[in-house]
Amino acid sequence: MASRQGPLCGLAPCCLWLLGVILLMNASARPANHSSARERAGNREENEILPPDHLNGVKLEMDGHLNKDFHQEVFLGKDMDDFEEDAEPRKSRRKLMVIFSKVDLNTDRRISAKEMQKWIMQKTAEHFQEAVAESRAHFRAVDPDGDGHVSWDEYKVKFLATKGHNEREVAEKIKNKWDLNIDEETQEVLENLKDRWYQADNPPPDLLLTESEFLSFLHPEHSRGMLQFMVKEIIRDLDQDGDKKLSLSEFISLPVGTVENQQGQDVDDGWVRDRKREFEELIDANHDGIVTMAELEDYMDPMNEFSALNEAKQMIAIADENQNHYLEPEEVLKYSEFFTGSKLVDYARSVHEEF
């Protein structure tokens, strides 16, 4: 008996080590995705003055990744936090059916594409209002003298202060045009921010941002010009042949320069499949296999009613098991993970309970 256990015990550490290596390889092989609103964290002061990486109700992130929370953001709106994984299932099912009733405008116990479109536009407007309120508070943080304008130099001082630099010393150096002695990475971030600052500065440019211009700086989805700038940035990062358009192969590839993730590109079939479906069904409006800047801009514009209708149809199609082009209570509950991020069990029984 002892002679049999010895070799097995000796194998255990080896097996554990091998398992760890496999898990590590799998994790590093998958494309980076910083698209979840629930995963964002960081320095609070820095977050207040930096443009957010994630924009609620916008289909693509700033880095070109799909916003994996998008469907929940436009279906739940402010109620997103109520559907965390640890929420009580029965309570969550009831809330989901309350939302269903609100979307179902004609009370026929089914949701049409038009009803879903109106709901998406309503939830997007809520996100817009939240962004305006946040931007107003953040503007006050970078406009200490309260003159209603923020200069690029004022903003730069505040930004470097969040990076650990002494605010008074930085202000003095900028005033006297002395070397700031900042690292290369921070300098690159500053240059990108300055480009964005210029874009948000409405003609005639004076490098002074008003409160509304500062909103566009933080949230490009609020300004046609800044939305176009965001589209150009994304195409620049994904466009491999320099034609200022995107082919399917370019869109499903990782952005140029993310070398650490490219080895895992073929591994993550789900990531590629999702982007392929998005490209073919929603972004490439004329289905010619090429996405232009205009097409990408229409797709990314949160207040584009045509895009909202297409999105509504796609959301219905995903859960429409009886293929009648409507969403019914049973279908919404069964596909609750798609709509809320949480899987709610016993969906069939729940329909009768909640109605």
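Cβ atoms are placed via backbone N, Cα and C, with glycine included.
These numbers come from a predicted model, not from an experiment.
Feature annotation from Swiss-Prot assigns signal peptide to 1-29. Residues or ranges marked as N-linked glycosylation site by Swiss-Prot: Asn26. Swiss-Prot lists 91-126 with the feature domain 'EF-hand 1', giving sequence analysis as the kind of evidence. Per Swiss-Prot, the feature Ca(2+) 1 binding site maps to Asp104, Asn106, Asp108, Arg110, Glu115. Under the heading domain 'EF-hand 2', Swiss-Prot lists 130-165. As annotated by Swiss-Prot, phosphothreonine applies to Thr186, Thr210, Thr258, Thr292, with the evidence given as similarity to another entry. Per Swiss-Prot, the feature domain 'EF-hand 3' maps to 226-261. Annotation comment: Swiss-Prot describes 271-306 as domain 'EF-hand 4', evidence class sequence analysis. The Ca(2+) 4 binding site annotation in Swiss-Prot covers Asp284, Asn286, Asp288, Glu295 and is backed by sequence analysis. Swiss-Prot lists 307-342 with the feature domain 'EF-hand 5', giving sequence analysis as the kind of evidence. The Ca(2+) 5 binding site annotation in Swiss-Prot covers Asp320, Asn322, Asn324, Tyr326, Glu331.
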Can you work out which residues elsewhere in the same chain, 6+ from the ends of the domain 'EF-hand 2' (130-165), have a Cβ less than 8 Å from its Cβ atoms?
43, 45-46, 48-50, 55-56, 78, 171, 174-175, 180, 182, 186, 190, 193-194, 197, 207-211, 214-215, 218-219, 221-222
A 10 Å Cβ contact count, applied to the recorded positions Thr210, Asn286: which residue has the minimum?
Asn286
Site of maximum Cβ density within 10 Å, from binding-site residues Asp288, Glu295:
Glu295
Write out how many residues of the domain 'EF-hand 1' (91-126) are helix, how many strand and how many coil, based on DSSP.
27 helix, 1 strand, 8 coil
Fewest Cβ neighbours within 10 Å, where candidates are the binding-site residues Asp108, Asp320:
Asp108
Cα-Cα distance linking Glu331 (Ca(2+) 5 binding site) and Glu115 (Ca(2+) 1 binding site), given in Å to the nearest integer:
16
Given Glu295 (Ca(2+) 4 binding site) and Tyr326 (Ca(2+) 5 binding site), what distance in Å do their CA atoms have, once rounded to a whole number?
27
Let me know the DSSP-derived helix, strand or coil state of Asn322 (Ca(2+) 5 binding site), please.
coil
Spatial separation of Thr210 (phosphothreonine) from Thr186 (phosphothreonine) - C-alpha basis, Å:
25
Tell me the residue counts in helix, strand and coil for the domain 'EF-hand 2' (130-165), as DSSP assigns them.
24 helix, 2 strand, 10 coil
With the Ca(2+) 4 site defined by Asp284, Asn286, Asp288, Glu295, which remaining residues of that chain have Cβ atoms positioned within 8 Å of the Cβ centroid?
Ile283, Ala285, His287, Gly289, Ile290, Val291, Thr292
Roughly where does the domain 'EF-hand 4' (271-306) sit in mean pLDDT, to the nearest integer?
95
If you measure Asp108 (Ca(2+) 1 binding site) to Tyr326 (Ca(2+) 5 binding site) at Cα, how many Å is it?
11
Would you find the one among the binding-site residues Asp104, Glu115, Glu331 whose Cβ has the most company, meaning other Cβ atoms within 10 Å?
Glu331
Using all protein chains in view, find how many other C-beta atoms are within 10 Å of the C-beta of Asp284 (Ca(2+) 4 binding site).
21
